[in-house]
Structure formats: C-alpha cells, structure tokens
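Features of the protein shown, as given by TrEMBL:
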BINDING   A:Ala9, A:Pro10, A:Ser11, A:Gly12, A:Ala13, A:Gly14, A:Lys15, A:Thr16  ATP binding site
DOMAIN    A:2-180  domain 'Guanylate kinase-like'
Protein chains: 2
Amino acid sequence: MSSLFIISAPSGAGKTSLIKALLKTRMGLSLSISHTTRQPRPNEINGQDYFFIDRDIFNQMLERGEFLESAEVYGNLYGTSYPWVKDTMASGQDVLMEIDCQGAQQVRQIFPEAVSIFILPPSLESLKARLQQRGQDDPGTIARRLKAVREEVSQVNKFDYAVINNELDEALKDICCIIRAERLRMMHQLVKQHVLLAQFA
Amino acid sequence: MSSLFIISAPSGAGKTSLIKALLKTRMGLSLSISHTTRQPRPNEINGQDYFFIDRDIFNQMLERGEFLESAEVYGNLYGTSYPWVKDTMASGQDVLMEIDCQGAQQVRQIFPEAVSIFILPPSLESLKARLQQRGQDDPGTIARRLKAVREEVSQVNKFDYAVINNELDEALKDICCIIRAERLRMMHQLVKQHVLLAQFA
C-alpha cells in the first residue's frame, strides 16, 4: 500500500531547495511533475521541472478528467496528472507531490489518506528577504505574492504536519522523519508485515 | 501541549534494551515508572525499574483512583501513577510509558491522543530464542509467556505504529522518527508556532 505525500509552502519558504535535497536522499519517492501553462523560468527544463503546455492542451486534459487537481495561480494554470499518480502508486511506489494549498485540498478529497506537510519560513522577514533576493519579480509582483502568502498560511491548519525551514538540514530531517514514521503506521505495517504477523496467529 | 508515548511489546521482543537506548538519546522524554507487586529481578532497582510495593498498598492506591491504568499479569499487579503523568505533562514534558497491551488500551481511553507504538520481534523463532536465552524462567513459564505473546500480538492493530526490532539501531531510529514526526503534527505546531503564525495573520 503506497503513500502519497503532499508538500505545500508559500512562495519564499524555500520549498524548491528542500524538495531537491529530499530527492537526493534515499527515501524512495517518485516526484509528481505538474503540467503548467506558465512560461518556463531561466534554467527550468520541460519534463523535469514542469510539463510546459499551452492552454488548449491543458483544457483538453481537464475535460478528459486527467487532472487530480488543477488551479489557476497568478493567471497560469497548473495541474497534476491523475493517471500518472494512480499508476505509480499501483506499482508500489510512494508519490511526492509539490503543490499549492488549493491543490492540496483537492487531492485530499480524492486521497483522504494523503499525508500533507506545510513548510513555513522561520519568519515573515526571512520570507520577504527571499522573495526580494530572488530578483526575478518586480515590486508589484512581490506585493501580490506576499498577499497570496498570507492567504496560504491561513490554510496551514488543514495540513497534517508543519515544518519550519529555518536550517535546511534540520527541515530535511523533519520531512524524512515524517515519511519514515508514516511508513510505520499500523495500516501500512499490517500489510507489509503480514507474513511476520501470521507466525503469531 | 505535551505528548504521551506508549510503547508495548510482547515478552522477548527486546523492548527493555530499546527503551534504555531511547532514554540515552536527547529526545527529552520522561519515563513513567510503574508500580508493581511482583518481586524484583536480580539487578532491578526500586524507584528506577519499578516502584515495588505490596498488594495492600497497591489496592489502597487503586481505591483512591491513583492509577491511570492497572493490570494483573502472571499473578502480579502493575499500575501507572495518574497524578505523576498529569503533573509531568502539565509541566510541558513528553511522557514515555512502557506498558502492556491491556494497559495501553486503558490509557487510550483517558488520553485518546496518546501515541502508541507496538514493538515486534523479527520472527517467532527469534522471540523464542530470546525467551530461552534469558534463562530466568522455567519451560512452563516460557510456554505460558508464548501463549501471552500470541494474545498480545493479536492486539497489534489497536496501536498507531508497529516497529520491527530486527536491528536495535534501526528500531531506535524508527522510534525517534515517530516521536520527532508526532511533535511536528499540526495540533502541536499551531500551539508551538503561534508567534510565527501570527506574523502572517
């Protein structure tokens, strides 16, 4: 029985670096790659960071029910392939999904047993600094992002876990422990350990 | 908001060594020490391994409602002090309770948010070997313990987590991850991180 892990974070919480570090560990997670209609940023690779598609194709996929979740963020469409997630989990692999708060709630409705983690910055100031240092957005965009951040953080209580990204190594350990612990939950162990348990029946 | 961790295991699963190792880590747990009417084993210290008391005193405490849980196992009475657990948790410390399956269920009725971990041996054979190697029990006692082991393992599904004690170090890591992950659960984080969260309100 595979698990589905959802990681959400407001912009500037350092989620991207954390996910990169997490995928380098041996936690055995398959990262779900989202489809999006937004333009690639410098260094973003199609099929690795996102599947970059146009609105027409996105809408066709949406109509065919191929998105587990989809959302419009800052005027761009994002969606997660439902067939890919189903197939990957059916093959016994745990899936990691990096999505926004809206998407997380949609996924939870379909997979109520999904494990959701919200990443928080250590302070509002550090988040503001990160947004400004990124240097890719103008002040208006930053102000709009900050408003969105407040809205996202107001949804934190809908998640199962909160991890503070103060030091990347500690936040990474937190996430790895959550994943390891979730795999030890009884509903998983009753399946994984059935041969052992049968010895005591 | 403090947590209560319950660890249960059938005899011969290696629980005692695991708990000792766990208490040497810096997980910051306060071990609850049970009261019992059984005779101390060689090397057991009063007030450290158990509070060794006689039946009259045990029954007086029971009548005064001073036990969070109590049970008769192999003809001996065991109980956990309710006031001690309440006071320790009220002081902000997480409590670790090493009790049997019957006791675990009693505690869960009073503290439904308690986190319960069941330790399993890697095989029935390894458990039998451990019981025999211990050399403190006669064959009749061992047979009686094995029957009790089967009964206890049949209750495994009532616990939150199952940890297989194949290698002590790995089982210890499992338990430490469970504790670390539980402390990151939203209900705890909303309290611990309220100053941070208020910055985004």
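Glycine too: its Cβ is placed from the backbone N, Cα and C atoms.
Shown on the structure are the features that TrEMBL records.
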{"residue": "A:Ala9", "record": "ATP binding site", "Cβ contacts under 8 Å, 6 or more apart": "A:Lys15, A:Leu18, A:Phe118, A:Ile119, A:Leu120, A:Glu152, A:Asn165"}
{"residue": "A:Pro10", "record": "ATP binding site", "Cβ contacts under 8 Å, 6 or more apart": "A:Leu120, A:Pro121, A:Leu127, A:Ala148, A:Val149, A:Glu152, A:Val153"}
{"residue": "A:Ser11", "record": "ATP binding site", "Cβ contacts under 8 Å, 6 or more apart": "A:Leu127, A:Leu131, A:Arg145, A:Ala148, A:Val149"}
{"residue": "A:Gly12", "record": "ATP binding site", "Cβ contacts under 8 Å, 6 or more apart": "A:Pro121, A:Leu127, A:Lys128, A:Arg130, A:Leu131, A:Arg134, A:Arg145, A:Val149"}
{"residue": "A:Ala13", "record": "ATP binding site", "Cβ contacts under 8 Å, 6 or more apart": "A:Ile119, A:Leu120, A:Pro121, A:Leu127, A:Arg130, A:Asn165"}
{"residue": "A:Gly14", "record": "ATP binding site", "Cβ contacts under 8 Å, 6 or more apart": "A:Ile119, A:Pro121, A:Arg130, A:Asn165, A:Leu168, A:Ala171"}
{"residue": "A:Thr16", "record": "ATP binding site", "Cβ contacts under 8 Å, 6 or more apart": "none"}
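Summed and averaged per residue, pLDDT over the domain 'Guanylate kinase-like' (A:2-180) gives 93. DSSP assigns A:Ser11 (ATP binding site) to coil, not to a helix or a strand. The Cβ neighbour count for A:Lys15 (ATP binding site), using a 10 Å radius and every protein chain shown, is 20. According to DSSP, A:Thr16 (ATP binding site) sits within a helical segment.
Other than A:Ala9, A:Pro10, A:Ser11, A:Gly12, A:Ala13, A:Gly14, A:Lys15, A:Thr16, the residues of this chain whose Cβ falls within 8 Å of the Cβ centroid of the ATP site are, in sequence order, A:Ile119, A:Pro121, A:Leu127, A:Arg130, A:Asn165.
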